[in-house]
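What TrEMBL lists as active site, proton acceptor is Glu173. If you look up TrEMBL, you'll see Gly202, Ala203, Ser204, Thr205, Gln206 marked as ATP binding site. The annotation transmembrane segment is assigned in TrEMBL to 12-37, 461-482.
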Amino acid sequence: MSAQREMKEKNPWHTPVTIITVIGVIAIVALVTVAVLQNRPVLQKYKYGIVLDAGSSHTALYIYEWPAEKDNNTGRAEQKYVCKVKGKGISSYANTPVKAGESLNECMQEAKMQVPTKRHHETPLYLGATAGMRLLNMENSSASDKVFQAVEKALQRFPFSYQGARILSGQEEGAFGWVTVNYLDDRLKQGLETTGALDLGGASTQISFVSKNYDISESPSNSVTFRLYGNDYNLYTHSFLCYGKDQVLRMALAHQTKSGPGTILDPCFHPGYLELKDYSLLYDSPCVSDRKPQNATGTFNHSGAGNFKQCQEVVKKVFNFTSCKYSRCSFNGVFQPPLQGPFGAFSAYYYVMDFLKLTDATMPLKDVKEKLANYCATPWNEIVKQHPEVPIKYLAEYCFSGTYIITLLTDGYNFTSESYSNINFIKKIKNSDAGWTLGYMLNLTNMIPAEAPDSPPLPHAGYVTIITISALILFVLFILSLRFICPSFQKTPHIV
Ligand SMILES: Nc1nc2c(ncn2[C@@H]2O[C@H](COP(=O)(O)OP(=O)(O)O)[C@@H](O)[C@H]2O)c(=O)[nH]1
């Protein structure tokens with residue numbers, strides 16, 4: 001008997017206090033576990049959207065994904081996948097429209113693999129065409145219609161939710177590029193100062209920014225207003241058709257060859273560069289067709305002189321700075337309010353400045369020009385030797401393109417030596433490409449709410465912390481109260 005009693009006293013599991021304590025601990029652990037599990041975000045399921053960017057030089061397919069239960073709230077849509085369509089842009093298939101549709105098949109097959117099968121039918125699919133198709137539509141609207149018919153037919157064969165193919169206006173292209181940049185930077189949701197967007201394509205270029213001193217009434221056609229996450233934005237945007245880098249090169253060449261076939265010594269190409277080029281190809285665009293000289297039939301010799309300053313003079317000739325009926329203009333009589341804030345420059349701005357190693361925002365403008373001048377003056381055979389991996393077409397044009405970019409930014413848009421440092425040359429923001437496609441999809445799927453979404457009073461971590469601390473306090477209070485209710489709890493076990 002006494003041995004049994006001794007065991008009871010030694011074994012704390014047998015006291016009522018201990019039993020209550022254990023039950024208390026279990027209850028508290030259960031409480032905290034429920035708090036953690038119940039409020040933990042469920043395993044993410046994603047939704048998808050596909051946008052085809054049918055540009056002047058090529059088409060790219062983008063797949064975006066976002067957490068399924070948060071699509072118009074806190075989850076952010078991100079680029080999951082990009083597929084570059086082989087071949088040229090859809091506008092180049094004006095004479096063989098069926099091939100425009102066929103060209104998309106490979107990337108569309110890839111998209112089928114990338115999006116989970118059970119999401120296929122609910123995944124919206126959009127195609128937006130930009131300046132290449134704008135030009136084709138101006139030149140030959142029935143050819144443009146046929147290209148769209150072929151593209152529609154090809155896209156509708158896939159199991160996605162096809163939402164149509166259309167030409168974006170220049171204003172949409174500019175505004176959606178601005179939305180993309182600021183959405184990815186989280187500037188819209190947080191109501192921060194926005195970043196302007198500079199987009200350089202092959203056939204058009206866009207500038208979009210918010211300026212405090214922008215009076216809409218001065219040029220209503222340049223204004224786009226948005227209400228996003230509870231903030232109002234009055235965006236200035238302008239798209240210059242024919243001022244993409246490929247069309248400007250045509251204009252510059254057309255200007256230099258206006259006296260008819262022969263040889264031109266082009267300061268925008270490297271010394272030693274020589275190509276026989278086709279006149280009819282050069283003038284095959286509404287951007288230059290009215291400049292075609294009467295005797296321009298055959299070919300011309302395009303040779304390089306490699307002189308940055310002279311190249312700038314040639315490039316400046318494609319701008320008209322003489323007339324402006326507004327308080328201020330950029331060029332060609334287009335209104336532009338005072339530049340404001342940081343800018344993100346993407347697409348060809350990035351390709352070119354990245355190749356030239358001129359993306360460093362801290363590099364003063366005069367150094368940029370100096371480096372460009374040295375690069376342009378480098379003989380063509382050296383350039384080819386230094387960059388065996390770069391396609392010759394791109395390689396030949398970097399001197400011209402770099403000079404055009406600097407001239408467009410400074411003489412065209414009026415960036416000064418000081419404000420030039422506000423320009424960041426960017427390709428991606430947080431793994432998503434900068435461009436109009438994401439902004440376009442966000443708009444069409446209503447994924448950016450006009451009003452700020454209601455947020456839960458506490459974030460998940462805060463909620464769990466409070467529950468845990470409260471449980472611990474309760475536990476301590478419970479133990480302390482036991483000392484009063486059950487005095488034996490205070491005493492050390494008395495061994496008989
Ligand atoms: N250097 C270089 N140029 C590119 C690359 N991709 C496209 N480009 C050129 O950059 C310009 C703009 O291309 P993109 O942004 O696709 O514009 P879009 O085709 O007009 O929509 C065109 O002149 C293209 O030929 C690239 O990877 N490297």
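Using the three backbone atoms N, Cα and C, a Cβ is placed for every residue, glycine included.
The separation of Glu173 (active site, proton acceptor) from Thr205 (ATP binding site), Cα to Cα, is 9 Å. If you take the Cα of Ala203 (ATP binding site) and the Cα of Glu173 (active site, proton acceptor), they are about 12 angstrom apart, rounded to a whole number. Each residue in Ser56, Thr130, Ala131, Asp199, Leu200, Gly201, Ser239, Phe240, Leu241, Tyr243, Gly244, Lys245, Gln247 lies on the same chain as Gly202, Ala203, Ser204, Thr205, Gln206 and has a C-beta within 8 Å of the C-beta centroid of that ATP site, without being one of the site residues. Checking the binding-site residues Gly202, Ala203, Ser204, Thr205, Gln206 against ligand 1 with a 6 Å cutoff on the Cβ atom leaves Gly202, Ala203, in sequence order. A Cα-Cα distance of 10 Å separates Ser204 (ATP binding site) from Glu173 (active site, proton acceptor).
Ranking the binding-site residues Ser204, Thr205, Gln206 by C-beta neighbours within 10 Å puts Thr205 at the top.
DSSP assigns Thr205 (ATP binding site) to a strand segment in the three-state reduction.
When the Cα atoms are compared, Gly202 (ATP binding site) and Glu173 (active site, proton acceptor) turn out to be 13 Å apart.
Cα-Cα distance from Glu173 (active site, proton acceptor) to Gln206 (ATP binding site): 7 Å (rounded to the nearest whole number). Other C-beta atoms found within 10 angstroms of the C-beta of Glu173 (active site, proton acceptor) number 29, with every protein chain shown included. For Gly202 (ATP binding site), the count of additional Cβ atoms within 10 Å of its Cβ stands at 22 [all protein chains shown]. Of all Cβ atoms in the protein chains displayed, 28 besides its own lie within 10 Å of the Cβ of Ala203 (ATP binding site).
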